[in-house]
Each structure stands twice: as C-alpha cells, then as structure tokens.
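Peer 1: TrEMBL lists 85-103, 115-136, 156-177, 206-227, 233-255, 262-284, 304-327, 429-451, 463-483, 489-510, 517-539, 545-569 with the feature transmembrane segment. Under the heading domain 'Cationic amino acid transporter C-terminal', TrEMBL lists 518-567.
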Amino acid sequence: MGGEAPPPATTTTTVSKRPYWRWSKHDFFPEPSFDSTNSYRAALANTGPRLKDRLLSRSTDEHELKELPIASENSMRRCLTAWDLTWLAFGSVVGSGIFVITGQEARLTSGPAVVLSYAISGFSALLSVLCYTEFAVDVPVAGGSFSFLRIELGDFVAFIAAGNILLEAVVGAAGLGRSWSSYFASMINNDPNFLRIEVDSFAPGFNLLDPLAVFVLFVANGIAMSGTRKTSILTWLSSIVTTLVIAFIIVVGFMHAKTANLVPFFPFGVKGVFSSAAVVYWSYTGFDMVATMAEETKNPARDIPIGLIGSMSMITVIYCLMALALVMMQNYTQIDKDAAYSVAFTSIGMNWAKYLVSVCALKGMTTSLLVGSMGQARYMTQIARSHMIPPFFALVHPKTGTPMNATLVITIVSSVFALFTSLDVLSSVFSISTLFIFLLMAVALLVRRYYDRKSTSKGDLMKVVSCILVIMVASAVGTALWSTDRFGWIGYTVAAGVWFLATLVMSFLPKQKSPKVWGVPLVPWLPALSILTNLFLMGSLGSEAFLRFLICSSVMLVYYVLVGVHATYDVEHQNSQESKIVERMEAANEGVL
C-alpha cells in the first residue's frame, strides 16, 4: 500500500476573459445534438447505439484529474490541510442527526438500544470511509464518488449515482434547515412547529411551511460561496466549541443517569435496532462531502486519510456516548422526539442547560450546512464538467475560487424542499440514497483492485464479476430473509455462508492494481462487508423509502435518455476526434523530420 504520492491535479490556472455571469443557450447546451430541432431529433433516433456506447464507456484517472477541470475555466484553490479536513468532517457530520434523529428513533423504533444502532451505523460508515479514502487519495478531484464510479463502473452507473448524489445534497440540506428551525422554535416556545405555517389543504408531511429553514439555507450557502478557506476557518473554530459542549452533555448526562431507564433495553426487538440503524445513518453522512474537497487539499496523500478516518473514528465514539447519556437520563417513553436533549435537561431541573444544548445543536447544524454547501456544489461541478448536466454549473468564479452557479441552484432547490417537507419524509429518502451510493463505492473498489482494462483477460473478468454478483445476491437474500422472518437462522446461515465463500474465492483471484499511496486493508473482505452492511441497512428501511427512491430514479433515467446520454456522447466523441487529429499531425511532423 506504499508508494509515492500522485502529483496534484493539474487544473487550469488561466483566468477566463469571458464574464462569469452569462446565460446563453451555448453555456447550457453547447453539444451538437442540441444545435437545432433537427439535430436533436437525429440524436433521439440514435438513442439505442448511444446508450450502448455510454454503458460501455469508462473514464480514467488522468481524464478526471487533468481534462475535466478545464471546463471550470478558473481553478479551485489548494488551501486545505489535514487539520482543516478533520474539522470539516466533524462539522459536516455532527449536525441535526445526533440531536434530532436520536430522540425520534429512541422514542419510536429502538428504545435504549439506539446506542447499538449508532454503533452498527458507525461501523458501516467507517467501511465506506475507507473506500472513499483510497479513491480520494488516488484521484483528488471535486467529483468525489461520481468521478470514482465513472472511472470504474462507467458513465451510466455514474449518472445514476450522480442523480442520487444531487438528491442526497438537496434532501440533506433541506433536512438540516428543518432541524435548525425545530430547535430554534423549541428554544422560544418549547414547540418545534411554533415558527411554521400550517396549511390544512396540503397532505400530511407537506403541510407545515417553514420559511425560517429557507432563510437559514440562503445564509449558509452565501457564506460558502465567499471562499473555501474562510468557510474552513469558521467551521473548525465553531467545531472546537461544539466539542466542548458535547463533552459537557456527556459528563452531565452520565452524572444524572439511571440504569433503570435502560430496562427494557430492546422494547421494539432486535429489528427495531437495525431499522433505527438505517435511519440514524443520516447522523454519519457528510464525510463524502469532505472527499469532494480533495481538489482543494494541499497534500491529498497525507491529509485525506488523517482527516477522514481519524474524524469518523472519533465521531462514532462520541455518538454512542451521547446516545447512551440520553437514554439513561430519561426513560425512552418520555424522550421528546423533536428536541430530545433540550427536553431531557429540563426534566432534570437544568433549565439553563437546555439553551446551551440548543445553541450547540444550532451551531452543529449550521456548520453541517456550511460544509454541505461546499461539498454539494463541488459534486455538481464535476458532474457538469462531464456534461451530464449543463456545463454552466461547472464554472468557478475567478475571485472567490468557488462554484457559485452550482451553489445557487442547490440552494434554491433545497429551499423548496425545506419549505414544504417534514423531517421524517426527508430522512427516509436521504438514508436510502446515501446507502445506495456507498454500496456502489464498495463495488467500485473491488473492480479497481481486480480489473484492469489493458491486462485482465475475459476469463478473469468473468470470475471477478461472478464473485461480486454472488456477494451482492447473498447479501440481498440474507436481508430479505431477515425482513420477512422466513427460514429463521437456517436461512441466515446459508446466506452468510454463500457470502463468505464468494469473498473467499475472490481473495484468491490475482489483483490487477495496487493503490498508489494509501489502500484499504483486507481487500476483498472489508469492501465485501461494506456491501453486506449497506444492503442490510437499506433492507431495514420501510417500503415508502424504496418507493420514493424508485420514483426519483425513474425521473433521473428519463432525463438521462433525453439529455444526458446525448451530451456525454457528443463530448466523448468530439474529444476522440480531436485526439486523432492531434495524433495524425504529430505523425506527419515526425515524417517531415
């Protein structure tokens, strides 16, 4: 796993002479397929061959690192260190989840065993962090998982992931905005809906309008647009304060703890623990946003592993201690599902402490919004660089060095969600989308280690594909058996045995690639385990979450067939033609010489 660090990504350093704020059709759809109605009709008529081309297409490390950033016209600035990344990860992860979702799940789904839910989710998150870290060190670009999947699994899979990444960004920001509003309202009137406007004619879950959440989103995104370094400094300063307040919550919580409140420990059964684990996974998300900051990191090979793995290990321990302190302070039946920690301190007579807790929660949500704003916009920037969405959103502002267009559109769309949609609806959609992306990342890592387009034979490729498919099917079957209570322990044992054998067989296959600098240990076991845990947590979610996920994915597919496949096809083949012309010119020059 050793080696020298790859050189920093080569991005364009020439400041564009074109104005940043421009709105022509060419800025949104510069591809030949969209030149006229006739050209678009011709493109649609060739959708089949083009879709096949995109399914088989793969990007490369060099393409993501050196060619795509040119579309941004101006460079992002390398200004972040391991210290910055550690606190950016802490600030992005420690937000609404621990302060809001903990109470909701302890009260309704898992009881005191919510502590185990956090441990399970933390373990699964750490597996995903390892996969992200290896990719981010090797390919330090703004695209994060989108770029990594595009390299290993191709354009089509990357687009599905991209759609879910953007859905995650929008839903996550909206959820944070709603949580911020709930805590602020609870400080004023002990009613989380105090500042919301109820509209009886709207469906439940969408009938409480939240203008304060919209305001908070615009303020946070405005700060994020002002500059990466400024936002980073603000984040780590405020995160240090949060750490001190969290220490206070844990210490005081255990001082007023009652072991009697832990009985019964499993009031909703073991299934309640795993159902909660799937939802509280929201509390761990955000580290993937930090992976998108790799393009702005001074020394990715050193700083990213320290920042991501170190911070997530610390956060897992903190979350388990905070959850344990809450369920020991109050019986789970008395926990307030909207402002759990504030109400818990009030119940032990520390009325003043509830304001400290609420301020800490608000601060945590604010920093999560700040880091989320940066990460979401950088995801969108790299997706736009590939032309899967209009390249207008790839532009980086010459003065701030931030992708303002991408940030603005994320702000507007997330504000619409935050205005109408309740937190429970948002959390289920967010969790399944996030787990799906992390599942794909584990698959991509296995492909990266065991498959090389230049040297792997078809026979070896089929062995790799077969092992991965069996690992996924065994994980899915085991999850289905668990959810339906069919065949009992015999079914689980058979599914686990098949998963183990497939992983064991894969461990004997020859690895085609080694990580350039830092690599995930125990491959293929840890990535295979990540596939299992992510599928298991997905299976623990309700049917409504899958229905919403399928509806959103269907909309994404319609857009891809009508727009994305043609734009990326044009760009890919235009670049190929230009490369051939350059090669011919070089050959001709050599002949003359």
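Just so it is clear, glycine is given a Cβ too, placed from its N, Cα and C backbone atoms.
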Peer 1: The transmembrane segment (489-510): which same-chain residues, six or more beyond its ends, come within Cβ distance under 8 Å?
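Peer 2: Cβ under 8 Å, 6 or more out: 446, 450, 460, 463-464, 467-468, 470-471, 473-475, 477-478, 481-482, 524-525, 528, 532.
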Peer 1: Which whole-number mean pLDDT does the model give the domain 'Cationic amino acid transporter C-terminal' (518-567)?
Peer 2: 87
Peer 1: Considering only Cβ pairs under 8 Å, which range in 156-177, 233-255, 429-451, 545-569 makes the most contacts with the transmembrane segment (262-284)?
Peer 2: 429-451
Peer 1: When you scan the chain for residues with a C-beta under 8 Å from the transmembrane segment (115-136), skipping those not six or more beyond its ends, what do you find?
Peer 2: 102, 105, 144-145, 148, 273-274, 276-278, 280-281, 283-285, 287-288, 291, 294, 300, 304-305, 308-309, 312-313, 315-316, 319-320, 323-324, 327, 438, 441-442, 444-445, 448, 515, 518-521, 526-527, 529-530, 533-534, 537
Peer 1: Should anything in the same chain at least six residues away from the transmembrane segment (545-569) have a Cβ under 8 Å from its Cβ atoms, list it; otherwise answer none.
Peer 2: 29, 31, 33-34, 40, 43-44, 47, 50-51, 53-54, 57, 155-156, 159-160, 163-164, 167, 386-389, 425, 428-429, 431-433, 436
Peer 1: Please work out the helix, strand and coil residue numbers for the domain 'Cationic amino acid transporter C-terminal' (518-567) from the DSSP assignment.
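Peer 2: With helix first, then strand, then coil, the domain 'Cationic amino acid transporter C-terminal' (518-567) has 40 helix, 0 strand, 10 coil.
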Peer 1: By Cβ distance under 8 Å, which residues at least 6 away from the ends of the transmembrane segment (85-103) in the same chain are close to it?
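Peer 2: Distant contacts of the transmembrane segment (85-103): 114, 118, 175-176, 179-180, 182-183, 232, 235-236, 238-240, 242-243, 246, 279-280, 282-287, 289-290, 293, 297, 303-304, 306-308, 310-312, 314-315, 318-319, 322-323, 326, 335-341, 357, 360-361, 364-365, 367-372, 375, 423, 427.
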Peer 1: Return the stretch with the most CB pairs under 8 A relative to the transmembrane segment (304-327), choosing among 233-255, 429-451, 463-483.
Peer 2: 233-255
Peer 1: Should anything in the same chain at least six residues away from the transmembrane segment (156-177) have a Cβ under 8 Å from its Cβ atoms, list it; otherwise answer none.
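Peer 2: Result: 51, 54-55, 59, 95-96, 144-147, 149-150, 210, 213-214, 216-217, 282, 285-286, 365, 368-369, 372-373, 375-376, 379-380, 383, 386, 388-389, 410-411, 413-415, 417-418, 421, 423, 426-427, 429-430, 433-434, 436-437, 440, 552-553, 556-557, 559-560, 564.
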Peer 1: Take the transmembrane segment (517-539) and find every residue of the same chain, 6 or more past its ends, with a Cβ under 8 Å from one of its Cβ atoms.
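Peer 2: Long-range Cβ neighbours of the transmembrane segment (517-539): 1-6, 120-121, 123-124, 127-128, 130-131, 133-134, 137-138, 274, 277-278, 281, 301, 304-305, 431-432, 435-436, 438-439, 441-443, 445-446, 449-450, 467, 471-472, 475-476, 478-480, 482-483, 499, 502-503, 506-507, 511.
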